[in-house]
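Asker: Structure incoming, see below.
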């Protein structure tokens, strides 16, 4: 919020608040509070001004809703993905802000005429519009894939920023006020340009937007060089020989052809055992982990790099670059002959797949730029960019005062009461008067102040949260691990070598998302219970899932249940003959549904016979869902 020129005395016979326990006798505070409350003091709440007051109340409700959802929807973990429902509500709230604030600003501007400077209320609404524009990008996904939405979103954002700039430079007269709102406009424009440049560079980069095309050629040529060995090593040796690219394949010299890219330096890159080469593969990380104390003490770090390499292969499939049979066979051998036979438990193996899917979801739905996370991007985005923005803000301040630096600083402070430290005093005064007398002008003035404070807090929270999530993201960790593997300076420098352990220690103290399944039962279906319950997958179930998949990878046939009925345990049972009909259907969905209903009926019967207590039966729905 911006203040008024301190030389303007308040008109007589108005509702200027007298000094009290909440309002001091400051020569700046009382005129500012007066100008903030005069609209509601003179407004006819049952006449023409009623829609304006009602709109302010709606704005307050939207601001409270946005603040609550924005803060508490992310308090549980460091995910960069908003819940779809939360994102829909936040996007709707921000969409409703623009027409509401435009209506309020137009009425507040017309109330003082075309020649006078904007009133305090008009400038307050203008600040809402800037804060909403700065918050808007925090709930929109960053799409690196070319052609998904074109440039329509960018054009709409640019038009809003240009419109806000016209409101500032064509309506404000005071140099200090124009400098304050001009600084906000510079920040909004810089954020827009930053996002546009980042996404456009990502679309054209072989490391991000064009990576599926490059990776398809990489995998084809890599498998030809590597050959197929069906009776090769197992366990860690398979992973040490894995040439799946983690990062760096974009650095290879490439030549476009009718069947993709020809990578002339690929053989040298994958056969070179030196971890300092441009391409960091899974095998190089696994081999380096044996002699590196940090990676050897925390195997989750090297498995995270494997998840990232698998994510890149999965992304290829989604972007119409299908995986060949040779690649699929090689990937199965990597997982079941290498990862699974390395001796890990089912939970660790499932976590690899979970991290792979998390990378995929964040790539397409992240609202933060974690896809580009790297030390290089960190320096440019969080160090150099703020310096450049501050330089433009200072330039804006000076230009609004015709180059007079001393006058610029003085007008910036005197023309804006908030910038001289009066924000908290003003809020304390107004809210204190509301507490004392519940005066209508002060109540609605308190609503305006609350909207401003909530939006400012939401923006500050978003900026801090983005920085924290960036540092703690899996994307940044993978980039750091590859730098640690390929660059000796990262292992010897006294500061750099402490970065990864520090981030890992912070990540370990935060809530880690669990692998969960949605539970559905056709026997418990109710129109009132649309949200499906979520159950954490037990460790035993994860191990059994991996063991079953491992048997399938060894050409063990998938069964629709007939093999269980023919086993020694059930062969002589009468029920096995009665249930065999359920296994004869050619429809997979019908077989799954039949066994699901049978499991649910058996569970209900057994619990009635045993008289299971509620605490003993809490895991039964999970088991029922797993069996289904």
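Residue 1 is the first one shown; counting continues down the chain.
Quick reminder: no glycine exception, Cβ is built from N, Cα and C everywhere.
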Asker: Which of these ranges is annotated transmembrane segment in TrEMBL: 383-403, 404-424, 467-487?
Answerer: 467-487
Asker: I'm validating the feature mapping. Which of 442-461, 502-521, 522-541 is tagged transmembrane segment in TrEMBL?
Answerer: 442-461
Asker: Could you pull out which residues elsewhere in the chain have a CB under 8 Å from any CB of the transmembrane segment (467-487), counting only those six or more residues past its ends?
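Answerer: Residues 78-80, 246-248, 275-277, 280, 284-285, 288, 292, 294-295, 301-302, 304-305, 307-308, 355, 358-359, 362, 368-375, 378, 382, 497, 499-500, 503-504, 506-507, 510 contact the transmembrane segment (467-487) from elsewhere in the chain.
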Asker: Restricting to the domain 'DUF4220' (160-506), report the mean pLDDT as a whole number.
Answerer: 86
